[in-house]
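What TrEMBL records for this protein:
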type: DOMAIN; residues: 85-391; note: domain 'Phosphofructokinase'
type: BINDING; residues: 92, 158, 159, 183, 184, 185, 186; note: ATP binding site
type: BINDING; residues: 184; note: Mg(2+) binding site
type: SITE; residues: 185; note: site 'Important for substrate specificity'
type: BINDING; residues: 212, 213, 214, 257, 258, 259, 313, 366, 367, 368, 369; note: substrate binding site
type: ACT_SITE; residues: 214; note: active site, proton acceptor
Ligand code: ATP
Ligand code: MG
């Protein structure tokens with residue numbers, strides 16, 4: 001469900017280019033490429049509407065905002081025989097990273113004939129010589145079996161690195177095209193690197209592929225790994241429900257990923273309609289008071305004798321309010337642990353009433369993010385990798401590959417990082433969650 005409420009001007013959607021693409025794309029030389037599904041998008045009118053429901057020009061006569069369609073172009077910017085391409089993966093793990101790396105490598109190698117491809121080890125650290133992480137050669141053999149594995153083959157890291165040193169390394173190593181795989185932090189880093197490349201007048205292309213298990217990037221309908229994460233989360237909820245049903249006053253509490261956006265929690269709730277309370281960062285709730293969660297839990301136990309609560313890690317942060325929030329190496333605020341906090345409050349609440357509570361607390365977070373991608377996400381990463389290579393080879397830069405209204409598109413990085421995608425508490429997704437759980441407002445004041 002794409003729910004974009006802010007105004008997007010046509011100029012916000014323009015994709016920068018390194019220069020005119022003059023080299024005939026080797027894909028055009030294959031026999032009947034159109035019959036093999038290669039439609040070359042040389043016409044700039046191949047675009048996808050941002051809001052499919054608005055087809056009328058606005059009050060100033062401007063056409064509705066749209067994003068450029070992804071796909072092969074008849075002419076490319078880089079000479080494949082001379083190009084050196086690099087791939088880096090940053091931030092935290094997410095199912096599908098390895099199959100995405102493999103897809104980029106195979107597309108560069110087999111479809112475009114690029115033979116010089118390197119992998120950068122451990123995120124942005126890999127660009128900084130003092131860490132001593134050497135690049136690794138990537139080719140069909142080195143990526144042969146990585147797609148079936150979870151985790152990250154190249155390694156990842158958090159923490160800031162100097163942009164000028166990163167671009168020094170790109171220059172020194174003659175890298176012409178950089179693929180960056182990462183979340184919101186990585187996209188900010190990508191924009192700074194792109195800016196530094198532009199300031200130095202270098203012809204280095206930069207294509208980002210958004211990776212975030214939280215699915216919280218603007219202008220990205222769904223990130224890869226999300227479906228796998230929801231599936232893994234669903235298994236944890238099923239376990240919690242079985243535990244809850246199997247004991248008097250059984251309570252299953254599951255904590256899921258979702259620092260600012262509760263999409264994993266919301267989708268897993270919809271996937272397994274056994275959840276009675278779904279708590280996400282976007283929707284405030286009270287614990288105490290007549291309408292608070294503790295009273296609602298009492299009511300549920302009286303009525304049904306068991307309950308399942310799902311909480312996203314960023315929910316209920318008001319219970320930890322502090323002026324001196326700790327930060328991780330990348331500058332992200334360390335969240336209060338809402339899972340163990342709720343577990344302890346639930347136990348104390350029922351103990352105070354002298355009522356037996358059989359609570360099982362499940363925190364599957366690291367299992368959810370490091371599992372191998374399911375087949376849906378593997379297919380998805382295949383498409384993302386192919387389109388990233390088409391975009392990069394055409395000389396487009398400073399963009400990310402996105403799925404939008406069921407089409408693969410190019411979105412300028414600044415557009416994707418200007419807002420964070422969140423669940424709209426008044427939108428259709430949250431309404432479906434409320435319908436599924438039947439939970440009350442959990443707020444004492446309306
Ligand atoms: P995840 O979804 O796992 O959080 P992420 O890409 O957001 O992924 P981060 O650790 O926040 O993960 O960032 C990845 C890298 O980008 C880190 O090396 C971090 O220091 C760098 N980075 C984050 N924010 C910025 C920024 N504003 N400018 C430059 N670099 C940044
Ligand atoms: Mg992040």
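Each residue, glycine too, has its Cβ placed from N, Cα and C.
When the alpha carbons of residue 367 (substrate binding site) and residue 184 (ATP binding site) are compared, the span between them is 21 angstrom. Listed in sequence order, the binding-site residues among 184, 313, 367, 369 whose CB lies under 6 angstroms from an atom of ligand 1 come out as 184.
The DSSP secondary structure for residue 185 (ATP binding site) is helix. The distance from the Cα of residue 158 (ATP binding site) to the Cα of residue 258 (substrate binding site) comes to 18 Å.
Ligand 2 lies within reach of 183, 185 from the binding-site residues 159, 183, 185, 214, 258, judged by a C-beta closer than 6 angstroms to any of its atoms. Neighbour counts of Cβ atoms within 10 Å were taken for the binding-site residues 158, 369; the minimum is at 158. When the alpha carbons of residue 369 (substrate binding site) and residue 186 (ATP binding site) are compared, the span between them is 17 angstrom. For residue 212 (substrate binding site) paired with residue 92 (ATP binding site), the C-alpha to C-alpha distance reads 8 Å.
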